[in-house]
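Quick notes on the structure that follows.
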Amino acid sequence: MASRFPTFQHEAYDYIIIGGGTAGCPLAATLSQKYKVLLLERGGSPYGNRNITLLENFHICLADVSPQSPSQGFISTDGVINARAKVLGGGTCINAGFYSRAKPSFVQKAGWDAELVNQSYPWVEERIVHWPKVAPWQAALRDGLLEAGVSPYNGYSYDHLYGTKVGGTIFDESGYRHTAADLLAAGNPNNLRVLLHASVNKIVFNMKQGNRKPRAIGVQFKDENGGHYQAFLKRKRGSDIIVSAGAIGSPQLLLLSGIGPRSELNKHNISVVLRNEHVGKGMSDNPMNSIFVPMKNPTKQSLIETVGITDAGVFIEASSGFSQSDDSIHCHHGIMSAEIGQLSTIPPKQRSFDKIQKYVHNKYSLPKEVFDGGFILEKIDGPLSTGSLVLVDTDIDSNPNVTFNYFQHPQDLRRCVYGIKTIEKILKTNHFTNLTANGAGYPMETLLNMSISANINLIPKHTNDTTSLEQFCRDTVTTIWHYHGGCHVGKVVDQHYRVIGISGLRVIDGSTLFSSPGTNPQATVLMMGRYMGVKILRERLGRAAGV
């Protein structure tokens, strides 16, 4: 913890990385191989926390609303309940574990070096990625997708291929999670210092540089007891502050540090370091809609393992079963869980934390059998709809106000309708009708009218009615936590992820992305941390050697 390191203030670093998450950990490990690195993480350690480590406790982790929780809940202004990580390892500690690479065109569009990308993915994979032992529900989805025409079958693959495949997972065969924090072991322990419970609330700049642009020289942060600290960079060319605080945390920190729209900074009496109207803009979240399918027998728990990649820009995935113990059944239902659908029977604008509490309370009276089943979910590529992030106050611990404008773009809505119709086709295949509680599948109307009290996602009565499907998409939209944007390349940072108009400051994480890579982003964000670490080392070592 930060409070245990009173001496570190007398040291200076080549790199200070803010956020020990999906990008920050591989980045810190890589840079520490040659340079002195300070990694500041606002959360605690993932090690020893069974709710992080065990697949069966996935939902409990997301439901934990205590101050020590690795998950910090927020509700976007759209009314969709969401979560952000607050733990060393970031989103890899609280996600559903699925690992699948971006398509080659994404890499090309990002301007990345394809050869280095293809070296950086395996660097991650050999350390923390595994092949799943496919659960029955996932096998049914695989077979149902193929029968419904989402083909060919591409087997086990990390690659983004049209058709149906089984992807990688960061859960091993024993159901133990391996996270970005594990990648720190690849760093040089003599060069790498990690402080936990260290919340950076401001980047420090040297403004007195004549006509030259402001330079980032250090950070201010606080420990878990409210004690205040500073840390500084070495006065060397190439030393950087690197913000890797995620799509919510990175634009929030830039704003709090005086980089952003002038009106937004003035509203909170923040001194303007650099006016940039694009900070916090272009926020996107991939909308998810899911269908509950009741089964005749309890289904084995599974998170995401199988995916159908359609050529219409829609991805079909599935999850099943709930934690096997009664405690977790009663503990976690309904809060920020993809498997429950996050109050999806309540239209977004009516969702609130009060509703969640009431909902959880009602769960205690429901029989466990209600949850014998699984979900088939669809999420859309992109998306094309965008929103924005603004500060609520100047406290780094507060959630900013985030708007994603789900389905604002008509193409997103069309894709959702296509996804629901595809799920209907899958449910009509023998692979699913044989599994259902009555052994013959359910009419759509039955699925619609089932157990509203259990808060289950339901198909609209008239699935041939595009209008009602569109309404269904809007009313039952949830998140699968793939939000991104706020510090876009070309708007806030350049192609090297340097903040435009500032020296010594970069942003390297999902906030720089225009769309979510692949079916699930963690593989590419992990790769990005390694990739940029190697790029920065090559640039700096090449410069030192006069190359």
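Cβ from N, Cα, C; glycine included.
When Cβ atoms from all protein chains are considered, those within 10 Å of V87 (FAD binding site) total 28, not counting its own. Residues or ranges marked as FAD binding site by TrEMBL: V87, V200, W481, H482, G510, P521, Q522.
Taken from TrEMBL, the feature disulfide bond applies to C416-C473.
Residues or ranges marked as domain 'Glucose-methanol-choline oxidoreductase N-terminal' by TrEMBL: 246-260. Outside the domain 'Glucose-methanol-choline oxidoreductase N-terminal' (246-260) by six or more residues, the chain places 18-19, 21-22, 42, 74, 84-85, 90-91, 200-203, 205, 270-277, 279-280, 283, 389, 391, 394, 396, 399-400, 402, 483-487, 492, 499, 502, 507, 509-511 with a CB less than 8 A from a CB of the stretch.
In sequence order, N82, A83, G91, N95 constitute the residues six or more apart from W481 (FAD binding site) in its chain with CB-CB distances below 8 Å.
DSSP states for the domain 'Glucose-methanol-choline oxidoreductase N-terminal' (246-260), grouped as helix (H, G, I), strand (E, B) and coil, give 11 helix, 2 strand, 2 coil. Residue environment of P521 (FAD binding site) contains 27 other Cβ atoms, counted within 10 Å of its Cβ in all protein chains. Note on the domain 'Glucose-methanol-choline oxidoreductase N-terminal' (246-260): mean pLDDT across this stretch is 98.
Listed in sequence order, the residues of the same chain lying 6 or more apart from V200 (FAD binding site) and placing their CB within less than 8 Å of its CB are I18, L40, R42, V219, Q220, F221, A245, L253, I396. Between the candidate disulfide-bonded residues, C416, C473, the densest Cβ environment within 10 Å is the one around C416.
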